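Asker: Pulled the feature table from TrEMBL, pasting it below:
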DOMAIN    41-203  domain 'HhH-GPD'
ACT_SITE  K130  active site
ACT_SITE  D149  active site
SITE      K209  site 'Important for guanine/8-oxoguanine distinction'
Amino acid sequence: MKNIYSSNPLIKTKIQKALANFKKNWQSEELIFEEMCYCILTPQSSAKQSMKAINKLKEHNLLDKGFAEQKEPFIKNVRFFRTKAKRLVLVQKQFPKNKIKKILIKEGLPNNPHKAREFLVKEVNGYGWKEASHFLRNVGFGEDIAILDRHILKNLKKHKIIKEIPKTINKKNYLEIEEKMRGFCKKNKVGLDELDLIFWSNETGEVLK
């Protein structure tokens, strides 16, 4: 892994700490709900801007309550904020903060994150395979699940794990690419969640969620 990890020795420590923190999130229904909302905001918006929006909603006690119109002013920094505000309202109805863990356990967690991902893609308005995978990683179940966003696909091509970046992503090619990534991770003795953070940190110098 020396050729994949950054030359900065602190990065590996930061990555291990981040992965441990993701697992801790599963112990708190409040944090599980927060991560579900965060992953609704991230499509076509940066991690930092999405987290900024989450923090604003929390400051105004609107993360798990309120109407879309009340949420909108605090998430204008993310793209498609009106649509995403509506999706946040749907999530708070579908996955109440005090029931979210029970629902996710019923749908496969902690033993079958792949089953849980199928459920999330089907049931959460605004979640595709990438967003559902991102959420599962952020609550500690990403070791065998890939988050196939643009930067990951670019790195997979760079490391010759895939030949080309597909023009569109569907379930079939998502799972095919994930399987190739899984084989690469197995050879290098890292989880898919760890490889994701390695690629991110090598590119940006940061370890973000």
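We count from 1, first residue shown onward.
Note: Cβ is positioned from N, Cα and C throughout, glycine not excepted.
How about a rundown of where these features are and what they're close to?
Answerer: Around the Cβ of K130 (active site), 20 further Cβ atoms fall within 10 Å across all displayed protein chains.
Cβ-based neighbour count (10 Å, all protein chains) for D149 (active site) stands at 17.
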